[in-house]
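Asks: One structure is given below, represented as structure tokens, and several questions about it will come after.
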Amino acid sequence: MKSNKKILFIGAPGSGKGTISKILVEKYKLVHISTGDLFRKKISEDSRFAAQIQNYLSSGSYVPDEITNKLVADFIKKIPKNQGYILDGYPRTLQQLEFMIKNGINLDCVFYLKIKNETIISRLSQRLFCQKCQKSYNLLLAKPKNGLKCDLDNTDLITRNDDRPEIITHRIEKFNNSVIPIVEFFKKSGIIYYLDAEQTLEETVIEIEKWL
């Protein structure tokens, strides 16, 4: 099954938007546009770029809008117009939203995954990543099958620096402060749907599929 929908997920770190995106990407043949993945790929390919933004990522701060906008826009230009995609982690600021509108990056639906702060901290403290393929796991929600090794390439799994408790708290505050005007904009547009991210990933996916 293929979808040509242009979808945005809004949700705090730990809301499950990345994992849910990957489930839908595989099922509906969508392109997954994750700013986190784009940054990690660019960092691995460009040492000058890595030095430029590493401090932002390790501290849980947002990378300057002009850098993020260019990275996302350059990626979207490569996607065929009739191809559906999921935006995950963008836009995060009003300036990024304005850039989207100005550059004709249109959306069919927006899903806002609402979740309590204590749930976020609990989930992120259990999150692990593969250093080689960047696949993510969660010891609460999506456990690796082989201990603490990646299911795909058997590489040791690690905890990211920005999943430390003190960084998580900062990321939550940053998200809550920046998301309000973005949610309000899409509320007026009539394309936003609110989801309870406290439920299981499977339940959330079933809800989303009603709109696809």
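Each residue, glycine too, has its Cβ placed from N, Cα and C.
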Asks: Need the matching range: Swiss-Prot marks region 'NMP' on one of 34-63, 64-93, and I'd like to know which.
Replies: 34-63
Asks: Three-state secondary structure of Thr35 (AMP binding site) from DSSP?
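Replies: The three-state answer is helix.
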Asks: Of the binding-site residues listed here (Ser61, Tyr90, Arg160), which is spatially closest to Arg127 (ATP binding site) when Cα positions are compared?
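Replies: In terms of Cα distance, Arg127 (ATP binding site) lies closest to Arg160.
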Asks: When the region 'LID' (126-163) is classified with DSSP, how many of its residues are helical, how many are strand and how many are coil?
Replies: 3 helix, 13 strand, 22 coil
Asks: Please find, for Gly14, Ser15, Gly16, Lys17, Gly18, Thr19, Arg127, Ser136, Tyr137, Gln199 as listed binding ATP, the greatest distance between any two Cα atoms, in Å.
Replies: 19
